[in-house]
Amino acid sequence: MHPPGFKNFLLLVSSLFFIGLSAAPQSFSPSLRSLSGAPCRLSRAESERRCRAPGQPPGSALCHDRGRCECGVCICHVTEPGTYFGPLCECHDWVCETYDGKTCAGHGTCDCGKCKCDVGWSGEACQYPTKCDLTKKISNQMCKNSQDVICSNAGTCHCGRCKCDNSDGHGLIYGKFCECDDRECIDDETEEICGGHGKCYCGNCYCEAGWHGDKCEFQCDITPWESKRRCTSPDGKVCSNRGTCVCGECSCHDVDPTGDWGDIHGDTCECDERDCRAVYDRYSDDFCSGHGQCNCGRCDCRAGWYGKKCEHPKNCPLSAEESTRKCQGSSDLPCSGRGRCECGRCTCYPPGDSRVYGKTCECDDRRCEDLDGVVCGGRGTCSCGRCVCEKGWFGKLCQHPRKCNMTEEQSRSLCESADGTLCSGKGSCHCGKCICSGEEWYISGEFCDCDDRDCDKHDGLICTGNGICSCGNCECWDGWNGNACEIWLGTEYP
């Protein structure tokens, strides 16, 4: 039993509801909702119009395809790193230009995809100072890349900064020195960057999973997991950390274009022929002493020979250790690093060179010569690699006179290095020439400014004992070559 007037109240509510429906737009959809969750009072067409950029026709992207439209309002979302914002999701905090790795070159702020430059700066990335106090010469010098080419021949120099040539409007040339050209990534057939299957960075394509090729033009018919499995070496590393896995096959790095020491090969790049350098025998000018073959960096010795370098004959009554010990003498190296040890006896090298001699090749009279071949500066004699100077002279090569006709002031002025320091603080001055400290054997050079430890070594010897270290570089004696003078180019060894 309803109270009196309840029936009249229901009639009033019903009539108001139907009046509201008749006043609503004909295309009103109860499924549209406002941000508050209440039904949207806009038609679908009007809601979408408000979510489109001005001037865009019906059916075009809503919210720049970066969000969803709710009752005429864009709710932006993220589909890649960064944040979308703006009334129509038209702004992105990563789209501003960068220069030298900095957004707006660090001289402005990013405002909806465009740099707002600080006072005194201009350019799309705020990279150009409005006033330039550099000379053209200095400006051009600052614009040179590592090959000394101004703006990589792909732009012009403005006050020490490169402006890349992007007259086509695509902006594919960029970088501090315009060194990056993403046109290299465009597929000739599809005219798409990386064939539409990868990202381009500085002219190189980085392909999506399942695609490979210089421009991601080839599709792989195996799963990424299977591809990785096929490329994994026995030690569990993909391509032994020496190559790139492409669709289940390893492309090994080209580590030695000269071919001097071999390359990397094998199904999983497990074989590094550079390791053969450790078994190269400079006295036989061959790997494995000429008595074996280097395979994957190790010697496979022929019958009758054994050892790391196949250097020990099996018919020798001495063990390898005994043989090496007899050849060492007082040196840490067999035959003082200047000869071949076989069955406890040293054969000094180079062959036929009487300047290297001794039971363990301990004497090397080449050390008494300068680069012109003059022994002890013409002022002494050589005895087992050391100069015995004539009266009135001293020094490693008898290069210093004991009497000096200079004043101390004149002498010191000739011993000062470029920074004004006397003999670089590592030696003493005598008659206008620096005598480097004997306590630090590795200090050398006209002003004691060189460190002989910077020279290459082989078999534990600087310049392999076959040359002179000259300020970090090996100057090899006749018949020897290589960064460490380790390669014999003279007559064939017997």
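Sequential numbering from 1, following the chain as shown.
Glycine too: its Cβ is placed from the backbone N, Cα and C atoms.
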If you have Swiss-Prot open, could you say which of Cys104, Cys110, Cys157, Cys159 makes the disulfide with Cys132?
Cys159
Pick from Cys288, Cys294, Cys310: which one does Swiss-Prot say forms the disulfide with Cys301?
Cys310
Looking at the repeat 'II' (96-142) alone, can you tell me the average pLDDT?
85
Taking helix as H, G and I and strand as E and B in DSSP, count the residues of the repeat 'II' (96-142) in helix, strand and coil.
10 helix, 16 strand, 21 coil
For the domain 'I-EGF 10' (450-486), could you work out the same-chain residues 6 or more beyond its ends whose Cβ comes under 8 Å from its Cβ atoms?
280, 282, 332-333, 336-338, 350, 364, 366, 370-371, 441-444
